[in-house]
Amino acid sequence: MELEVRRVRQAFLSGRSRPLRFRLQQLEALRRMVQEREKDILTAIAADLCKSEFNVYSQEVITVLGEIDFMLENLPEWVTAKPVKKNVLTMLDEAYIQPQPLGVVLIIGAWNYPFVLTIQPLIGAIAAGNAVIIKPSELSENTAKILAKLLPQYLDQDLYIVINGGVEETTELLKQRFDHIFYTGNTAVGKIVMEAAAKHLTPVTLELGGKSPCYIDKDCDLDIVCRRITWGKYMNCGQTCIAPDYILCEASLQNQIVWKIKETVKEFYGENIKESPDYERIINLRHFKRILSLLEGQKIAFGGETDEATRYIAPTVLTDVDPKTKVMQEEIFGPILPIVPVKNVDEAINFINEREKPLALYVFSHNHKLIKRMIDETSSGGVTGNDVIMHFTLNSFPFGGVGSSGMGAYHGKHSFDTFSHQRPCLLKSLKREGANKLRYPPNSQSKVDWGKFFLLKRFNKEKLGLLLLTFLGIVAAVLVKAEYY
């Protein structure tokens with residue numbers, strides 16, 4: 001591992017990842033890979049998650065292509081140095097912010113969307129001019145293998161490498177020094193990544209998860225609400241970090257919600273859900289058994305059917321769920337949807353705030369003020385009102401968590417910023433040295449007073465014009481005098 005990281009760092013230090021033209025070429029090559037090897041990519045992901053190729057394309061591939069196009073369109077502007085506002089003492093100097101690549105980045109991908117959650121941060125790292133080591137999840141082994149095969153065929157083989165393996169390989173990687181680590185996965189491993197990064201003072205982006213609540217107000221269209229929740233919850237068999245984890249609603253709505261979700265499930269997946277090409281499977285037996293354990297002692301309103309041999313768990317809804325039970329103590333990450341009755345929106349807000357900050361919050365209501373209130377009085381990584389998941393699709397939004405649901409953000413410009421150092425640059429002249437006497441010893445009260453005048457914004461707007469004229473006269477006199485020094 002050490003030799004691999006050293007090799008990538010030497011490639012970065014050569015400087016060839018920095019020019020804008022090179023970055024654009026690599027992004028175009030990545031897009032070409034996705035387009036030319038689409039069939040191979042679709043087949044690998046489908047094998048890992050029992051996904052239809054249509055779902056793979058719509059949930060992963062199209063997002064990657066859209067992100068690449070967005071980067072190609074905007075990158076020339078983003079890499080340009082940006083001038084900043086100056087104060088009186090620097091008004092004749094050149095001041096700007098220059099984005100610079102961080103260096104060698106480690107990206108640790110996730111298994112639930114193994115292509116997009118690995119490639120999307122890679123796009124940002126390439127756009128920012130970094131070298132990258134990619135560590136796909138070993139749980140989605142087919143996707144990991146296809147990435148290791150294809151990426152070297154299209155990208156610079158010294159700057160961007162794939163390292164496959166399990167816990168042992170990841171542990172060894174984390175012992176190495178990186179300039180940024182980007183991890184997508186669960187909170188427990190996120191803490192391990194952060195601890196390892198701290199030894200080298202390496203900054204991290206942690207895309208984690210949590211229990212994303214979904215509040216349903218009585219003032220809403222339940223038919224539409226339940227269709228949207230059903231889509232977001234059971235997509236990818238519930239293995240989505242921003243899936244609605246549980247529902248909060250008044251008790252009077254509970255039976256209607258159950259019935260409408262049940263009917264929607266039938267509409268989406270047919271009478272025999274197990275045979276539907278649009279319904280996926282749990283990634284492995286360990287996660288299958290973990291999810292089953294969450295059903296113990298619960299009231300199953302519908303669903304609950306399982307098949308260990310194929311890792312099938314039917315779309316399931318639980319009612320009258322006790323907040324103290326196991327299913328409400330950990331992220332479900334599966335096709336189980338608990339309903340927790342609350343008296344009103346006040347109790348819902350308190351319920352959310354008493355728990356760890358989630359990755360997403362969903363609120364359904366015709367009452368716009370109620371939605372705004374829940375946004376104002378809670379905290380989460382992101383919010384979608386009257387829908388679920390959809391804020392992820394807007395690449396002008398930063399996507400990321402807060403608190404235990406993660407730190408840092410990416411997508412679009414936010415990815416570029418995550419993998420860049422915003423370097424402040426001030427270029428002064430060696431002339432006009434007389435004007436600098438104000439800051440040189442020996443110090444005096446008059447210098448302090450002049451410093452206040454130049455640097456502190458204490459002007460009354462009504463007197464601003466007169467003060468500005470006076471100030472310009474003083475500056476002109478100082479500059480004229482300085483020319484004789």
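Every residue, even glycine, has its Cβ placed from backbone N, Cα and C.
Annotated in Swiss-Prot:
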type	residues	note
ACT_SITE	Glu207	active site
ACT_SITE	Cys241	active site
BINDING	Gly185, Asn186, Thr187, Ala188, Val189, Gly190	NAD(+) binding site
MOD_RES	Ser293	phosphoserine
TOPO_DOM	1-463	topological domain 'Cytoplasmic'
TRANSMEM	464-484	transmembrane segment
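Fewest Cβ neighbours within 10 Å among the recorded positions Ala188, Val189, Cys241: that distinction goes to Ala188. Each residue in Tyr183, Lys191, Ile192, Val193, Leu208, Gly209 lies on the same chain as Gly185, Asn186, Thr187, Ala188, Val189, Gly190 and has a C-beta within 8 Å of the C-beta centroid of that NAD(+) site, without being one of the site residues. Under the DSSP three-state reduction, Glu207 (active site) is assigned to strand.
Gly185 (NAD(+) binding site) sits 9 Å from Cys241 (active site), taking the Cα positions as reference. Cα distances from Thr187 (NAD(+) binding site) to the recorded positions Glu207, Cys241, Ser293 are smallest for Glu207.
Just so you know, the Cβ of Asn186 (NAD(+) binding site) picks up 16 other Cβ atoms within 10 Å once every protein chain is counted. The sparsest Cβ neighbourhood within 10 Å, among the listed binding-site residues (Thr187, Gly190), is found at Thr187.
In this view, Gly185 (NAD(+) binding site) is surrounded by 22 other Cβ atoms within 10 Å of its Cβ, with every protein chain counted.
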